[in-house]
Amino acid sequence: MSEYGAVPFALMIVIVIYIVVGEYFKSIHFHLIHETSFGIIIGMLVGLLLKWMDENAYAQFFSLNATIFFYLLLPLIIFSGGYNLKKKQFLKNFKYIVSFGFLSTLINFIITLTLTIAFNSWKLVRLGTDLDSHLPLSYDEMIKYSATICATDSVAALNLIPSQQYPKLFSVVFGEGMVNDAVSIIIFQAVTILQKSGKSFEWYTPFEFIGRFLENCIISLLIGLFVGLFSTWCFKKCRFLTNSTTTETVFAFLMAYMGYSICEMLNLSGVISLLMIGIMMSHYQGYNISQLGRVTTRVTFESLSLGAEAFLYVFLGFAMWNQTTYYSPLTQDLYYVEVSWVFALLQLGVVILARYLSIYIVYWISVAIQGPKVWKLTKYEMTICCFAGMVRGSVAFALIETLVASPTDGIQINQINILQSCVLYIVVVTTLIFGTAMPFFINIQIKKQQEEEERKSISEIPTPVLNDSPKKKELSEAQKIIKYMDEHYFKRWFIYDYENRKERITQEKKQIKTETLQEIYEKAFSEASEDESVKQRNEDFISLPSIEEKPTSPLIVKMQELSQQI
């Protein structure tokens, strides 16, 4: 037991180092290596040392990771993401988020599955470095693998995209990452359920799969909606729950975890349910708890999410050296197995190809149906979305780790280990390479977009349109209906004393918006002041309230656009 305990002890030490170094990198604006890449690298180094010290204890520790991930770490990350979501931007860019997160993921799955079956039929699944050997994969394993490798990881990109300066791009990347993880898990679960039913493949099987997929999505959303609103209603009716910020925080988290557990128990998507619970709590429940409780819950959930993410990245580095061994919990024996380097390299190319194709196929479909003018994402934002989605993360690794081989079936052990090692290597390589290149790539694309916006602003300065404030975009009929129902019914039903507090709530929202705009303006002005000519043009525009009153410059135009987006 003492030898086994050395592994988690070392893991905690490395996580602390990861958090400290990550914050230090942020404070000095060091982007040569991203903190996630640093966590994986330091995890790999310490993991190699632990494996050298006690290989058996090392292998035993990493046989538990899938359970820990799905029932402890993943709920913390997803719930924090939903609870702290910028709802206005999420709804405004809902079309892009659903298109990339839902439709693009399905296309990615189809492309990956097709190429994986082709590689298997061409006998490209080689064992180790022996190019003459071939280990065929079953269709069940290839389908599950294809569903797994579709799960992206946008954490690195989100840390590098200024959310206040580029709210649309940030919300699209964030929302697509959340929906993508949920869709990947649902595809994996739907495939698993169909395989357990023992039915042979028929002409109607794809339609049955789509039906189960939609059923899973809809029921999970409804469960999340019910649990989130029920928690909000409890705080509205049971006001004694707001006497303590500790009670508010714990009650909210337990209600969210209860919704997640219900879905997992029913073989539904706990991720979608948890995301919906977080959104509902943030939208309504925040007005039913104390002002200190709002701050406490957000900080607590963000802190738990940070700890979970730190654990995951370090854990991936630790697990890097565990792919050549297989520990059987039944026999408590350690087996040495092979990996397929050829298959892993081919799949790395598939990840890149499938990502670009899936994104642009969705774009072409949208343009063909609605026309190019309706699509508002720029080519630079599209490129960033493509690049950010090429990184594979912890969801893919955890899903593939749920595959378990029979302890007496040596062929199946090798088959599953090939898939598991392939996913882990892709996760590590894409995080290290694309994660490291991410800040340079995003900065280049953002700079190009800024230069293009500046050229357009300068060319449009003589027109009288720039002297006016940007017109507020008209809401669609669906958005108008939702807003009307929210203001006249839902808020009255679920927010405590809404009729008497409505004016105060509105003032609080305006104050938050003003403070956010002031922060953005001060940052933009300090950056623009480095250029003397820009400084001369804007030296009189020091305070935010005067933005709309002063003559228009490219900087002010940008600020006016941001005021409409927040």
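Note: Cβ is positioned from N, Cα and C throughout, glycine not excepted.
Unlike curated entries, TrEMBL annotations are predicted automatically.
What TrEMBL records for this protein:
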- 25-441: domain 'Cation/H+ exchanger transmembrane' (DOMAIN)
- 6-25: transmembrane segment (TRANSMEM)
- 32-50: transmembrane segment (TRANSMEM)
- 62-85: transmembrane segment (TRANSMEM)
- 97-122: transmembrane segment (TRANSMEM)
- 173-193: transmembrane segment (TRANSMEM)
- 213-233: transmembrane segment (TRANSMEM)
- 266-287: transmembrane segment (TRANSMEM)
- 299-321: transmembrane segment (TRANSMEM)
- 341-363: transmembrane segment (TRANSMEM)
- 384-406: transmembrane segment (TRANSMEM)
- 418-442: transmembrane segment (TRANSMEM)
Interface present between the transmembrane segment (299-321) and the transmembrane segment (418-442) (three or more C-beta pairs under 8 A):
yes
Contact call for the transmembrane segment (299-321) and the transmembrane segment (32-50): at least 3 Cβ pairs under 8 Å, seq gap 6+:
yes
Have the transmembrane segment (341-363) and the transmembrane segment (97-122) got at least three CB pairs under 8 Å, pairs 6 or more apart in sequence?
yes
Taking a Cβ cut-off under 8 Å, which residues six or more beyond the ends of the transmembrane segment (97-122) line up next to it in the same chain?
90, 136-137, 139, 142-143, 145-147, 149-150, 171-172, 175-180, 182-184, 187, 343, 346-347, 350-351, 353-355, 357-359, 361-362, 365-366, 385, 389
When counting Cβ pairs under 8 Å to the transmembrane segment (266-287), the leader among 32-50, 62-85, 384-406:
62-85
Using a Cβ cut-off under 8 Å, which residues of the same chain at least 6 positions beyond either end of the transmembrane segment (6-25) come close to it?
31, 33, 35, 38-39, 42-43, 46, 50, 53-54, 57-58, 61, 306-307, 310-311, 313-315, 318
How about long-range neighbours of the transmembrane segment (384-406): same chain, 6 or more residues beyond its ends, C-beta under 8 Å?
65-66, 69-70, 73-74, 100, 141, 144-145, 147-157, 161, 169, 172-173, 176-177, 180-181, 184-185, 188, 312-313, 315-316, 319, 326, 351-352, 355-356, 359-360, 377, 412-413, 415-417, 419-420, 423-424, 426-427, 430-431, 434-435, 438, 441-442, 445-446
Where else in the chain does the transmembrane segment (32-50) make close Cβ contacts, counting only residues six or more beyond its ends and a cut-off under 8 Å?
6-7, 10, 13-14, 17-18, 21-22, 25-26, 57-58, 155-156, 159-160, 310, 313-322, 428, 431-432, 435-436, 438-439
